[in-house]
2 protein chains.
Amino acid sequence: MTDFNDLPAHVWPRNAFRQEDGVVTIAGVPLPEIAEEYGTPVYVVDEDDFRSRCQDMARAFGGPENVHYASKAFLTRTVARWVDEEGLSLDVASLNELKIALAADFPAERITAHGNNKGTAFLRACVTEGVGHVVLDSEQELVVLDLIAAGERRVQKVMIRVKPGIEAHTHEAIATSHEDQKFGFSLASGSAFRAAEAAIRAENLDLVGLHCHVGSQVFDAEGFTMAADRVLGLYSKIHRELGVQLPELDLGGGYGIAYTEDEQPLDVDAVAHDLLTAVAKTAAELGIDAPVVLVEPGRAIAGPGTVTVYEVGTVKDVTVDEGVTRRYLSVDGGMSDNIRPALYGSLYDARVVSRFTEAAPISSRLVGAHCESGDILVRDASYPADIETGDLVALAATGAYAYAMSSRYNAFGRPPVVTVRAGKTKLMLRRETVEDILSLEA
Amino acid sequence: MTDFNDLPAHVWPRNAFRQEDGVVTIAGVPLPEIAEEYGTPVYVVDEDDFRSRCQDMARAFGGPENVHYASKAFLTRTVARWVDEEGLSLDVASLNELKIALAADFPAERITAHGNNKGTAFLRACVTEGVGHVVLDSEQELVVLDLIAAGERRVQKVMIRVKPGIEAHTHEAIATSHEDQKFGFSLASGSAFRAAEAAIRAENLDLVGLHCHVGSQVFDAEGFTMAADRVLGLYSKIHRELGVQLPELDLGGGYGIAYTEDEQPLDVDAVAHDLLTAVAKTAAELGIDAPVVLVEPGRAIAGPGTVTVYEVGTVKDVTVDEGVTRRYLSVDGGMSDNIRPALYGSLYDARVVSRFTEAAPISSRLVGAHCESGDILVRDASYPADIETGDLVALAATGAYAYAMSSRYNAFGRPPVVTVRAGKTKLMLRRETVEDILSLEA
């Protein structure tokens, strides 16, 4: 642990800054002002951070249209508009995600639809709304989509999701290209080839490429390159045996970000360069045209630019062993606004953002206000001993899968989401109230 | 595994029944009819099951007022009314839970307020609304509540939450009486005694008892009795040294239920009898009046009477090892409507409810429709090989901590909750729509 007053640049939003008075600002807006105006907890999104990461990805992968922002990380109409304005494409994984994108006037032809069990209504909406790509995940889906497209007298562009059999070094729940999981067609068993053949033969489907996804929070470029290599082998087989050159190759997402000071985010430029070079080289060796590489970052775009600001409430020293104490710092949110520590054992970087802290660090645990002892935000921490009730603490890099997976446990309403840019704040999502909760009662 | 067409009575709702045509009914209502009318996924609540478990608890613990239903398991206005009509008391653990209870006209004097970090607004509402008990969790809270009560010229009844230092055999996240956790005052260190002394001396607080909570999903009566014994030691010390006889003892919740055929629910009658006998005996030995024992079941009341009905979508056989396959059955919900398998590794009993199944069982996995490979509802199952797309499958015992912890991941709207009683259905909570999700956008 370096100085607790630092804000490690690779973890915190690009426009986060600690002023001379100790107060942290994002895009020039002091976080205590946001807490005062909107209450706590509150998510604060650095809009320029989000947009700049869209631009970085677009540059690295040869154009914004090759980069599909993964909605599941965090989607609102505003987010969809940002993605559209930056020229990126968009992944959706449910009918409602598609509806939100369309409600933001996101162009349907730049949308790709995912899911292991899309359901007829979602597939039909994809066809009728003119969604650019549907990524087929099962034989059943292939047949159903072909029928729907026939009924609508359309030809639907599709990709085939392939399991290349790579085990990425990540949490099991979010590692998605090994064989024993629900997504895609196995490369090894030949079912991916058979699906490609069926899609090519289907009258109302137009197969434009194969898709694979190595996992989430991947820090190791090797997995992507190995997956690309294996999948290109199938491109070559399809070319040889079926006479079709597939123009696109979707390598999914999974670009790891730094949640803690010790972690280093995956270097997107370097990985993109290596990946595109490897794809070109392998394609040349196989005697096929190199397909355009598409990628699907979600977390790597939405994650680092957002912080969650909490107010410290109860402070309690607990004896955990003879002579050993742990300070429990309770905040006014918890597992309802960020399930990731409880669900995946995820780590976070927390700092006091309302002032400088001076005291020496002591063994600490940052916990939420839920009626559950597993409601822990940071399990093993070393924080200054002078953190006290009323201080504002922020967790960094909460832009992905925090709001998106938030619950109303203990009837906590969801916190608001506030965007900041050039010294100005704007409310993106208002705080949920008990009236919102009661509005579902019949 | 016995016959897959069975509905193990200790796991399924009390009024669940498989008809001669193979269709499962609850309280006389066929589940396929509910699926047809309300769509899937849908939670179905057996109202009489819920009420009968309230009555069982009331009988076991010497009167309904001694039993506090724990809101966090599942709370709606309807549920609060049921609890009120059965004469039980109610636990709340947030300002919004209190508001929902009051919106149902639940009598405030039968409400107990919990939480490690209640916050001033919640504490103030407890005082002004006349909440029966506030369970104090920290020294800071004791001081603040005394001040608030003074300002309102009221005397607030309180209890002190004590950590008796018992490790219950349960998932770490939900084991709550060991020392290294956020709740309560340590018995061993003397801080619980000091808190009791401070509460007795505080002018605007009226200490009526001590509270402890052994954990959740406890199957072992021993933990409760040991905790009671230790806490009664403190009653005796308070009596001896401070001259005060505390009239109540709250032993919390944690009564385990059966999620699978192999589990046996805790025998509430037997545990209550043993517990009350032990408390009386220990009190007599200590020379104090035996306090009235209060308990706080949530899951044991709300859990067993509810099932979640899904429709099977994609069916996919996956080769997991040479010659070994696993069938992936995808349903139209998942970790958004039930996070417990992903969060705690919880197990569930799933059955086809729309017809008889006949085929021999094969290695299967029941997964959701979310864009995440950890979206697994039942990880290692053995289900009949004739389950197919369009079948309705229900998970039993989903009444507690499923809806309560539900999210909108992938913008899935929450499923509706339908109650059934005496052949009739009633909508308790309507399905969330994309309009509900968009309504938070500023």
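Glycine too: its Cβ is placed from the backbone N, Cα and C atoms.
Remember, TrEMBL labels are computer predictions, not curated facts.
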Of B:Tyr383, B:Tyr401, B:Tyr403, residue recorded by TrEMBL at the pyridoxal 5'-phosphate site of B:Gly254, B:Glu296, B:Pro297, B:Gly298, B:Arg299: B:Tyr401
Recorded positions, contacting chain A; criterion Cβ under 8 Å; candidates B:Lys72, B:Arg299, B:Glu372: B:Lys72, B:Glu372
Most Cβ neighbours inside 10 Å, all chains, among the binding-site residues B:Glu296, B:Glu372: B:Glu296
B:Pro297 (pyridoxal 5'-phosphate binding site) in three-state DSSP notation: coil
Spatial neighbours of B:Tyr401 (pyridoxal 5'-phosphate binding site), counting only the recorded positions B:Lys72, B:Arg340, B:Tyr344, B:Cys371, B:Glu372 and Cα distances within 10 Å: B:Lys72, B:Arg340
Using Cα positions only, nearest of the binding-site residues to B:Cys371 (active site, proton donor) (B:Gly254, B:Gly298, B:Arg340, B:Tyr344): B:Arg340
C-alpha spacing of B:Arg340 (substrate binding site) relative to B:Gly298 (pyridoxal 5'-phosphate binding site), in angstrom: 16
Sparsest-packed of the listed recorded positions (B:Lys72, B:Arg340) - C-beta count within 10 angstroms: B:Arg340
For B:Glu296 (pyridoxal 5'-phosphate binding site), the one of B:Lys72, B:Arg340, B:Tyr344, B:Glu372 that lies nearest, given that the recorded positions are compared by Cα: B:Lys72
